[in-house]
Amino acid sequence: MRRNIKLIVFVSIIWMFVMVYYFQSSTEKVENRALRLREVATAMQQYQDDSSSAAAASTARQWAPAGGGAGPGAAAGAAGSGADDPGGNVILIGSVKDFERNAVHGLKLNGIVALEETSQGLSGGTGGPGGRLPVAPSGRGTEVEYFNEAGYIRAGALRNGEDPYIRNRFNQEASDALPSNRDIPDTRNPMCRTKKYREDLPETSVIITFHNEARSTLLRTIVSVLNRSPEHLIREIVLVDDYSDHPEDGLELAKIDKVRVIRNDKREGLVRSRVKGADAAVSSVLTFLDSHVECNEMWLEPLLERVREDPTRVVCPVIDVISMDNFQYIGASADLRGGFDWNLIFKWEYLSPSERAMRHNDPTTAIRTPMIAGGLFVIDKAYFNKLGKYDMKMDVWGGENLEISFRVWQCGGSLEIIPCSRVGHVFRKRHPYTFPGGSGNVFARNTRRAAEVWMDDYKQHYYNAVPLAKNIPFGNIDDRLALKEKLHCKPFKWYLENVYPDLQAPDPQEVGQFRQDSTECLDTMGHLIDGTVGIFPCHNTGGNQEWAFTKRGEIKHDDLCLTLVTFARGSQVVLKACDDSENQRWIMREGGLVRHYKINVCLDSRDQSQQGVSAQHCNSALGTQRWSFGKYA
């Protein structure tokens, strides 16, 4: 008897532990609401509440179960209850008016019919939220269905033994192992967490373009938008699939509430894909995001508030870092702004000490930035259209952030980074996709278009920094110049003086070639740092024979300077990184001598076949020391 009592007590204790554990696990489980499909009863009720009784009756007939012989169900075939749709639901992404006209032209995805919304339906003012019929009723009551996250990611998983970096240039294995709604640290300043935002914020259309993106990363981007944004502020997510190898990467995501998918029928590149998404968007505010980001807590409200207060503001979040190796989320400094050097390559730079001191009392204030990174920003749609959208003749990727930054500032707008908005971004060391013609040529072409339209005479500083860019055709820019005139945009000099005074114009310098005997020219011979230079027949096209003679006496080829190796007669002259040292200073003398400014040695080509151009005792009688510097013949 005593043993039975002990056994009963023991079993009871075990049962209590089991119940406590089960209760905790069930209550602590957080719903991933972003992966909801469309809720049956709620959606239908919303539609009926907003319709007249006659329209509701008509609609009820049209909502007949698929396979019932009439309405959209018939158009969809046996989608309602057949083997293709185990759930028994037909989910429609389309306009009410299209639906009521029985104009059901859709794409069946595992029992789901996805329809593009039409502008007529969206503006009609009927139907559920945003003019949509989110879900067709079935016999399943109010049960909510969820997107099959595991199945979606598994279909794009790595093959056995496949390098996890090969497809996306980041560790896809690490990304696939993470849930779409993983927790990330709140990296905002504590003062941001107490800020209140106005209640009349506009809703936004989020535009995400992608090409062969890892499924787990793309899904995590979408989930972070939906889970960490107030539901009423996200009108839609417009996914623009830039002709990915597998159309299902995007089409499967059309099952998720608020997600629309547009697929290009050929590769268009970032710029044209974004414009296509913007044109299709229905909200008055556009939010552009990359396809490998994670939005942080309350990321959207501070951005929308700044645009609501002034539609000419273009605003960006602080961009946190997501490790390409293990996907760790790392907070970035909020004391950064975007800038560039004269090579027109974007860079992050710290605010000046005085600016940081001014922000000490309120680190939540907006930061004016001369340049945006380009991947993540919010802009008023009407203002985006007025400004000329993007330069549609730019290809693939690169330079578009430069162009839109110049255009916004010079044409009456402003760029801001909002410290209380945080979005993480996977930064990679290389692009995962190919560029027709090569990435360098595409970037140079796009950058030249921006420089030729917006930089006026200051574009020469770009060509001095990147001489090879002048060999890349940039196409016709007449339409962009006409836009600049139409908008009465300010000159680049104004931009330097009022927006980016820290970018100092380089010292004046002449660019040309050093000739000898009228037929031979000083040439790098294809060498780079620590390489010798020689002479080669002049070809008058720049390249290896293009030199800049600066006011300080440097003889430069790109970022390399002619450098005297030793202060002695017979010393080699080589290319080294310009460092403003005495070894790199030269003077042009009468008679064509190129003399070192400190000792009496001059550039001499007598031994160029053995050791390249060297520094010999100056003698104007020697033809090997006579040079002329000037423009190309």
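One-based numbering along the chain as shown.
Including glycine, each Cβ sits where the backbone N, Cα and C put it.
It should be emphasised that the depicted structure is a prediction, and the values quoted were computed from it without experimental measurement.
Binding of Mn(2+) is attributed by Swiss-Prot to Asp290, His292, and within the candidate set His425, His461, His488, His527 the record adds His425 to that site. As annotated in Swiss-Prot, Cys489 shares a disulfide bond with Cys411, one of the listed residues Cys411, Cys420, Cys538, Cys561. Taken residue by residue, the region 'Catalytic subdomain A' (201-306) breaks down under DSSP into 42 helix, 28 strand, 36 coil.
Under DSSP, Cys192 (disulfide bond) is assigned to a helix (H, G or I) in the three-state scheme. Separation of the C-alpha atoms of Cys578 (disulfide bond) and Cys602 (disulfide bond): 19 Å, rounded to the nearest whole number. Taking every protein chain shown into account, Cys192, Cys411, Cys420 are the disulfide-bonded residues, and of these the Cβ with the most other Cβ atoms within 10 Å belongs to Cys420. Averaged over the region 'Catalytic subdomain A' (201-306), the predicted model has a pLDDT of 98.
Rounded to the nearest whole angstrom, the C-alpha distance between Arg428 (substrate binding site) and Asp290 (Mn(2+) binding site) is 13.
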